[in-house]
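Everything on this sheet refers to the single structure shown next.
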Amino acid sequence: MDAIKKKMQMLKLDKENALDRAEQAEADKKAAEDRSKQLEDELVSLQKKLKGTEDELDKYSEALKDAQEKLELAEKKATDAEADVASLNRRIQLVEEELDRAQERLATALQKLEEAEKAADESERGMKVIESRAQKDEEKMEIQEIQLKEAKHIAEDADRKYEEVARKLVIIESDLERAEERAELSEGKCAELEEELKTVTNNLKSLEAQAEKYSQKEDRYEEEIKVLSDKLKEAETRAEFAERSVTKLEKSIDDLEDELYAQKLKYKAISEELDHALNDMTSI
């Protein structure tokens with residue numbers, strides 16, 4: 001009997017230990033599931049962040065494309081401005097040549113005017129000296145007056161042409177200044193676009209590095225998930241084994257209880273037989 005009780009106590013203790021191990025295995029399983037769920041949530045979050053990074057990359061790619069288009073447009077404007085400057089330089093050269101020719105004509109007209117004035121003076125002196133040749137002198141004087149008028153007309157025309165050339169030169173200089181300002185603005189815009197392009201390129205490199213970092217983290221998380229999945233499978237296997245052990249122990253306890261009950265019945269029967277025997281002996 002003592003051996004049976006001791007064995008039952010040991011079996012109950014084994015049962016309690018098995019139940020404790022099963023509960024611990026269940027707790028490990030739940031913790032592993034929670035960790036797996038947390039890692040899945042982190043993975044989803046990282047995927048969202050990666051999607052956001054890809055969206056930003058697309059946005060910066062569009063910005064880079066716009067910057068390149070603006071740069072090409074600025075280069076075209078700068079080229080057009082340079083062509084305008086070259087055209088203006090050619091026009092200025094032509095105007096300067098025309099001005100030189102006008103100045104030469106003006107100098108010739110002034111020289112003729114001076115000669116005509118000298119001739120007029122000589123004519124006046126000749127009129128005083130030789131009155132007998134008045135008619136001839138008058139004709140000569142008329143010719144000289146006509147030449148004088150022509151010289152004055154040439155001089156006036158040269159003055160007008162000179163003023164017109166000077167006015168055109170002022171307009172051309174103003175156009176040249178505006179063209180130079182446009183060229184300077186185009187150069188400044190090109191510099192700004194180049195700086196913006198550098199910034200976009202640096203941001204793009206930073207985003208590529210960040211995406212690479214996210215990819216490395218994702219690989220590391222996948223590895224951790226795999227390890228935790230293996231641990232979860234191992235915990236489930238241990239839990240199943242513990243449950244089978246508990247089932248076996250419970251069956252063993254049930255068998256021992258049945259055997260104990262049978263022994264009690266047998267002991268009761270033997271006790272009754274002994275009582276009957278004692279009663280019979282007492283009756284005798």
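Yeah, the Cβs are placed from backbone N, Cα and C, and that goes for glycine too.
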Phosphoserine per Swiss-Prot (candidates: Ser87, Ser174): Ser174
Count of other CB atoms lying within 10 Å of the CB belonging to Tyr261 (phosphotyrosine): 10
Cα distance (Å, whole number) from Ser45 (phosphoserine) to Tyr261 (phosphotyrosine): 63
